Amino acid sequence: MAAEKGESSDEERKPLTRDSMEYRDSSNSLHYSSSAASLSLAVIDRINGSTHDTGPNEIGRGDRDYSDDGEYDLEEADYIPSGGKPVQKKVKIVLGFLLFLCLSGWSLSFVLFLFGGHESSKTSNVYDDNISDTGSQGNKITLDEVLDGTWSPAFHDISWIPGPNGEDGLLLERGASISNGYLRVEDIVSRKDPKSSKKPIVLMQKAYFNVSGEAVFPSRVWPSPDLKTVLVLSNEEKNWRHSFTGKYWLFDVESQTGQPLDPAAKDQRVQLASWSPRSDAVVFTRDNNMFLRKLSSNEVMKITTNGGVNLFYGVPDWVYEEEVYSGNSVTWWADDGEYIAFLRTNESSVPEYPVQYFVSLPNGEISKPGEESYPETRKIKYPKAGAPNPIVDLQFFDVGKDEVFSVDIKGDFADSNRLITEVVWASNGKVIVRSTNRESDVLHVAVIDVLSRTGKIVRKEDINALDGGWVEPSQTARFIPADPDNGRLNDGYIDTVIYEGRDQLAYYTPVDNPNPIVLTKGHSEVVQAPSGVDLKRGLVYFVVAGNEPWERHIYSVNFDGTSIQPVTNVSESSYYDVSFSNGAGYAFLKYAGPQVPWQKVISTPANEVTFEETIEENNRLSERLRQYTLESKIYQYIDIDGFSLPVLERRPPNFNQTKKYPVLFYLYGGPGSQTVNKKFNVDFQSYVAANLGYIVVTVDGRGTGFIGRKARCVIRGNLGHFESRDQIQAAKIWAAKPYVDESRISIWGWSYGGFMALKTIEQDGGRTFKYGIAVAPVTDWRYYDSIYTERYMHTPQRNPGGYDNAAISNTTALANNIRFLVMHGTADDNVHIQNSLTFIDKLDVNNVHNYDVHFFPDSDHSIYFHNAHKIVYSRLADWLVNAFNGEWLKTYNPAPNDSIFRRAAIWVGLSI
């Protein structure tokens, strides 16, 4: 089919990342080079705050044994006993000679082993990335630097904003100098043209304003679509991971004055507020009820009245916020501003879980006299696996008629068996609704007509019957309006579908057509697509896992599925991210690795205007790399049970094939996740490899993302079984390598990774892994939330054996490990401390004591409260050093042994 009108030819649409890298054959590594930045970073900083994370500081390694050169040698750090009585000189000579012979024999055996053709499992397609070229001359990174953000690249967010008259390429900038305005809208192209007639629109001149003597300092801002009023949030307080409350204000651009969103209740905290597409009203939720404020009046209209502790309107409860929408809003305006769709959530039947706070007062209330010594308890409606779920239904508000209504859909799921995962407005009063059954393996897509108040299911997909898998909740479907002049006769939408065992993009038109045009045939899996849609030129932009699963590249495709073209340079193994302007004529391109990240604003290939501006080059980070020595990264595959699994091996600087290195396995491993990627990242694993001198291995095993649904879905109903087998088999492969000390192999993970660490050492029983570390682990999936757990495990009532197998329960096997460590925050609202406490109780009942535990008072799942983040990593590092130094090697005969041979061994620094 011919290209759409206005589309550039394929020859003109060349990759936009040409010459961003150069190769040096001498080290087989990539070295980044680019031009100098030309933009002040202040005006591009994230509209709602910086993305630069900070963390706590490092603690020292302590006063331990050192090698002759003054450096603590952890590459061969066996346990060294301290002390011992003097031995007579002759005995020293004789025993020294005997020990020399023994050591010589051991060395000969080692050499024969090393060069004797020792077999290991085959690996393929090995890729070596080394981002530092200082050799042995560079400084060592410290844990302090890793935790305080010293090694974090500077990243900035551009907030694209649609123009009042359909203009494309407009930026919302915050934090500019007073002379240019605190908040303004600027045309991207005019930034580099001082003679441009398109001048910036200043929305807020100052960084604060006063209302009746109260100074208002914005924490978040949302301009109205017509850019005449700004919705402002101040006094923000965090609720859960994504939700917050605060005071909301309306700021008039022309007069530069503000007023409360609700003048009659200006001090009451609001949970959510959003603009009408007409710019004439704001809908908001307060105390779980919805209200409407029209700008033409100071009065506030009540939309709902019965919201409260158990009934939510327009905002999600805990489990929907965490597991379905990853955000604080379930409110959607129709494009014409005539209707509002929202979820009503009834969690009356959901059991409560108490989260206790022993140090802090999260509710902000002072205890009553005499009750100061009692912990504060916050009760959460938390549906665990198999427990009653919240009842959620979709409702609508007719703005003109001031009326709330709902629409029944014939053949839909029962209330207790329904998850509403996406709502997308189409045109002419139609709305597309995606829902699944409770176990997320049957999908319904319905189209509702709010004008006629009717609805029908237009797509049904049984994912369990298709491949035994599930469907993940997502909010990426994109409505495509009809445009006969450009060949689109009907409305439609773009969605992610399962095609030939992978997630692909598909175009459904008209909206009730169940048979789509698959847009991305033959490509690797798409990632949160589509990323951008150019309606004018008939193009869809998407991010895809590239030639290898650890890559990310950007492509475009026509609406008819023809002419798939790369936007980034796919000849380089790279990791990109992107955000597109509203018309997709411009893109904010982020190169995230493997070399030093950079960011640019560019015109897209089909745009007639050519534009490129560098936003960030991270020159500070590049200079730092020239002074430090980092680990080398080896990307490869291993074959286990017929599956090709991605692996990242981090090797210490000055890696020596003839040495024996301890190995730390690091994993997350959750369904659909990915840990092996090409992002630039100097993290705790980098510290372990580059400073402590250990090898770190990460395996994305079965169940993880971007290696095909066959490998992903095999884990269903039996979490931890295949994933732990993959880690164990990988550890056996590494244990057989000549440069690995098979007696010093450990594994660690956080959250799902904590579960995986425990499940792996449980299944292995000390045969391969000797140590393990689990932070905030799930230990029994009956304790985790229903929406996440049942997606992968079904319900406990349906699959009791699977839940039994997945629980960490084989204490006999755990006792066969040398030692393991468990750490958890006591106020974890996500993975409850119940998991670790019941697990430790099992250990106590079965007289297992080869473990350590550390609880962090009042810390949630991220473990930050009162210096906890620093402690969790420093404790992890110290514990790992102690483990690999043999601190906890079992002594089967603890009776004192004063033999001459033992004392001689102590004298020469050996352990018997």
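Just so you know, glycine gets a Cβ as well, placed from its N, Cα and C.
Swiss-Prot gives the label N-linked glycosylation site to one of ASN48, ASN346, namely ASN346.
Confidence for the topological domain 'Vacuolar' (114-912), expressed as mean pLDDT, is 93. With respect to ASN346 (N-linked glycosylation site), the closest of these active-site residues in Cα terms is ASP828, chosen from SER751, ASP828, HIS861. Cα separation, ASP828 (active site, charge relay system) to HIS861 (active site, charge relay system), rounded: 5 Å. Secondary structure from DSSP puts ASN210 (N-linked glycosylation site) in a beta strand.
If you take the Cα of ASN569 (N-linked glycosylation site) and the Cα of ASN656 (N-linked glycosylation site), they are about 34 angstrom apart, rounded to a whole number.
Around the Cβ of SER751 (active site, charge relay system), the same chain contributes TYR668, GLY670, VAL775, ALA776, PRO777, VAL778, ASN830, VAL831, HIS861, each under 8 angstroms and 6 or more positions distant in sequence. Recorded residues ASN210 (N-linked glycosylation site) and ASN656 (N-linked glycosylation site) have their alpha carbons 65 Å apart, per Cα-Cα distance. Between the C-alpha atoms of ASN810 (N-linked glycosylation site) and ASN656 (N-linked glycosylation site), the distance comes to 38 Å.
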